[in-house]
Amino acid sequence: MPDPDEPRRSAKPQRFQAPIGTRDLLSPESERRRALVDRFAEHAALAGYRHLVTPMFEDLGVFTRLGAATDVVTKEMYDFTDKGGRRMALRPELTASVCRAFTEHNPAVLPWKVWYSGPQFRHEKPQKGRYRQFDQVGVEALGSEDPDLDTESIALAWRFFDDLGLRRVRLLVNSLGEAAERARYVEALADYLARHTDALSDAAVATLARNPLRVLDSKRPEDGYVIAGAPQLSDFLGVASVTHFERVLAGLDSLGIDAEVSPKLVRGLDYYRRTTFEFTAESLDASQNAVGGGGRYDGLVEALGGKPTAGVGFALGVDRTLLACDAEGVFGPVERTVECFVVDTTGGLTGYEITEALRRAGVATDRSWAGELTDEGLGRPRSMKAQMKAADRSGANLAVLVGPDELEVGAATIRRLRAGPDQAPSAQRRVPLSRVVSEVQTELGR
Ligand code: AMP
């Protein structure tokens, strides 16, 4: 197979397409996506999270602090040297940027609770549900170790999925313990896996060398047998970690949130401590069904040069959440149309003025445009028939017509293009120009 990243060579001027792993989002899909982000913003605001916008690129170091064993940093980063010779990277995720912003602004009130949305960039092998540019929404709360904050974070995502209408989202939770506990476990796990390399897939052996924890993510059956006998992380947790985790589970239970403890849930980023969680959409293919995840990252702010600060949060994948909505037939796209269409066959400015007056009054309005210019450089009005066709295609319920007859008596005709309450399609009446806006509003039930 040709390498998709290799540029094609041809003699003709090149026609460009969106880069591999990216897509143009057209209406109504683009609007549906915005509606999803708006919905998320409402949930975040209800829980006291404030909007944070950070740059789409950062100093490379902001992300390399995420850990040398983190794939999104070592293998998938869009890093580059800018014209000033600085090493930069397009953000592969947002938690590191949030921690960088926290350190930079040193907010007085803790926990600092923020939400965000926007594109992330990872040089992955694209497939359905896996892109090189994809959107996330998420929250982070910095400055408190309170396990109830972990519960709040999980509950926010859970309510959001529920509000979208998704009924087949599973919540998996685990505790990775304190840094030292996790480190001891990783050592024991690496030891165990090293003794079983004969039975592991080549891919798992390669992963073992970089990050033993990630071997637990393997979905290959041969690895499954080895993983089944691996040491359990829960056996390495100290009393404080266990108590913290139990409080999170009790909190979720009290809110009626169905959490499954998944001892092998380790997640991709190295910096997680204690609580870690993931949401999977059971309606999606198992290989790409993670719709979101998060956890505690109590050491990250410090790694970025800040004071020791606890943090917890999550990021949800917008693309996959929308795929899950498709699979469950909920939160569908809404086709938006204008409400009114202005047809003017006189070539004067009346249609133009009516259009602007309607828009100022809050009526979504469009009009038709000249196909060609006259010798004087003016738009030649299209025929009534052509303009009415455009009106019909626009999806508007009403048309306002201005022809020479109407103009002569200072009037316009309001015509129904689609049946309304008590109104047949094509019902029409003439109204004075001064009353067009108010009559249109009445027709639209305002
Ligand atoms: P992560 O930042 O890796 O924890 O990812 C959080 C969520 O972002 C995942 O659960 C996915 O829903 C989504 N996600 C991660 N990588 C991609 C990608 N390449 N394409 C689409 N969505 C992604």
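Note that Cβ sites are derived from N, Cα and C of the backbone, with glycine treated the same way.
The region 'Disordered' annotation in TrEMBL covers 1-23. Annotation source TrEMBL lists domain 'Aminoacyl-transfer RNA synthetases class-II family profile' at 34-333. Per TrEMBL, the feature L-histidine binding site maps to GLU93, LEU94, THR95, ARG122, GLN136, GLU140, ARG267, TYR271, TYR272.
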Check: Out of THR95, GLN136, which of the binding-site residues has the smallest number of neighbouring Cβ atoms within 10 Å?
Finding: GLN136
Margin query: Going by a 10 angstroms cut-off between Cβ atoms, which of the binding-site residues GLU93, TYR272 has the sparsest surroundings?
Written below: GLU93
Check: Taking the binding-site residues GLU93, THR95, GLN136, TYR272, which residues show a Cβ-atom distance to ligand 1 below 6 Å?
Finding: GLU93, GLN136
Checklist line | pLDDT averaged over the residues of the domain 'Aminoacyl-transfer RNA synthetases class-II family profile' (34-333) | finding: 93
Next item on the list: Using DSSP reduced to three states, classify GLU93 (L-histidine binding site) as helix, strand or coil.
Entry: coil
